[in-house]
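According to Swiss-Prot, the protein carries these features:
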DOMAIN    39-332  domain 'ABC transmembrane type-1'
TRANSMEM  43-63  transmembrane segment
TRANSMEM  76-96  transmembrane segment
TRANSMEM  190-210  transmembrane segment
TRANSMEM  279-299  transmembrane segment
TRANSMEM  314-334  transmembrane segment
DOMAIN    389-603  domain 'ABC transporter'
BINDING   GLY421, ASN422, THR423, GLY424, THR425, GLY426, LYS427, THR428  ATP binding site
Amino acid sequence: MAVAGPAPGAGARPRLDLQFLQRFLQILKVLFPSWSSQNALMFLTLLCLTLLEQFVIYQVGLIPSQYYGVLGNKDLEGFKTLTFLAVMLIVLNSTLKSFDQFTCNLLYVSWRKDLTEHLHRLYFRGRAYYTLNVLRDDIDNPDQRISQDVERFCRQLSSMASKLIISPFTLVYYTYQCFQSTGWLGPVSIFGYFILGTVVNKTLMGPIVMKLVHQEKLEGDFRFKHMQIRVNAEPAAFYRAGHVEHMRTDRRLQRLLQTQRELMSKELWLYIGINTFDYLGSILSYVVIAIPIFSGVYGDLSPAELSTLVSKNAFVCIYLISCFTQLIDLSTTLSDVAGYTHRIGQLRETLLDMSLKSQDCEILGESEWGLDTPPGWPAAEPADTAFLLERVSISAPSSDKPLIKDLSLKISEGQSLLITGNTGTGKTSLLRVLGGLWTSTRGSVQMLTDFGPHGVLFLPQKPFFTDGTLREQVIYPLKEVYPDSGSADDERILRFLELAGLSNLVARTEGLDQQVDWNWYDVLSPGEMQRLSFARLFYLQPKYAVLDEATSALTEEVESELYRIGQQLGMTFISVGHRQSLEKFHSLVLKLCGGGRWELMRIKVE
């Protein structure tokens, strides 16, 4: 079986080129789906804010020339009026700049939400998450691209947004204006101003620190959720759990985004404080100079000399230099954005390509699990045969070495099959083909029943437990607890936990629906994890149970008891195992001998 082809554009070296532009434009279509979308309206709001902000900045820039007159003429009343006007303009400008930053942050959150959920839809469609993490090696760290790269891309892009959209206006205008225009008191005042600003900002920062720590925790939880899918992609794929994991991962995303919105609301007041003190500092020099001027210290200077003293920091030139400096500073940010664009764009192109191909070859869709039908309800069309294999040959991905050759097999209800053989002979590989995770290199594999409670259920070699309550572990991967079942469902779960030898687990978790803050893999032993998997199997009650060494950590006595209960519940087993004690629960044994050879024998009933 061949590994899936390389990612679109995988051979190209990421650069600031046409491919970058194409990928960037495709991402923009996700961020701005229409002119009337929320993101487009916020971006238009940002443009209006920056234009208004630049108008106010220009008015502030005219203040120095007016100061020249009042200071040169020693007009105290005029100075007071002008200073009041300047302070009002500075406060207005600081507020506008704060809302500018606030809007950029809201854009970041909204962009991240839309882009991440877009990638989630593609990633959890079918078994794309399994293919990317297990069968392909051309897309590195898809979880990092979705969680970290998207976050950094949106943050960097939002930090550039206001500067980029206003730069053409400011550069042209201030270039023209620049072309046309061609003691102890100071230190004490400056230090006092600095100390005051530090105290105010320290007060405003207090509520932010705790919220920021919580945000970083949720960021780690969100990354861990994707890591959990990556590490357990195969068990999740056997469970056909893409839909439920999609919901759970989006749920963690929503918690993170809600915390970020709360954090940014608190940061708004900090922005106002910081920016107000930043811009008030621009007139501090005038205030410092005004005191000695009106006290007669500079009485011997002419008006021209006073003007020279006051105009040391000419507004237009300084601001023009600042505009160019900002653009130069953005070059580093732009290179980062280009890198993230290529990584996200390549992942998106690969997922879209896989999605198009899977429409033709996918055996079953998300409805395959019957996720909205509780176990115990009648199936629509019961089937007597689960799998029909005709001259099937199997090889591992990226390998031509045959594991199984020309296998013909019919697995029917009541005819349990035991698969044995040494390590590396293809036992689990055969289950992967039955589960649709791999394709056979030759022959025909037909699955004549459904996945889920009324058809086939796989218990992978490595038990899989998602985040959630004890009830959610037992009913997994069903999405919801069915309200119509009520206490009857509770009784079934408790009974099956007891049959699996886990009645004490209810006390440890303080109930079926108590949220736990631990990782199930950290608190359960290997034997307990296998017992809990059987409790899940009993609850779902499939007609066919495919077990990949599902009792390897249990004693033969416990193994026999669990198999006996499964038989009483009407299950037909397809088991991979090594113990001879398993034979009494099966009708046939398929022995894989290596090199593609196999033997199919009927087990004699003694």
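The backbone N, Cα and C atoms fix where each Cβ goes, glycine too.
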I'd like to know which of the binding-site residues ASN422, THR425 has the most other Cβ atoms within 10 Å of its Cβ.
THR425
Beyond the listed site residues GLY421, ASN422, THR423, GLY424, THR425, GLY426, LYS427, THR428, identify every same-chain residue whose Cβ lies within 8 Å of the center of their Cβ atoms for the ATP site.
LEU403, SER429, LEU592, GLY594
For each of THR423, THR428, count the other CB atoms within 10 A of its CB; which of these binding-site residues has the top count?
THR428
Per residue, counting other C-beta atoms within 10 angstroms of the C-beta, which of the binding-site residues GLY424, GLY426 reaches the highest number?
GLY426
Report the same-chain neighbours of LYS427 (ATP binding site): residues 6+ apart in sequence with Cβ closer than 8 Å to its Cβ, ordered by sequence.
ILE419, THR420, GLY421, ASP548, VAL576, LEU592
Within 10 Å of the Cβ of GLY421 (ATP binding site), how many other Cβ atoms are there?
21
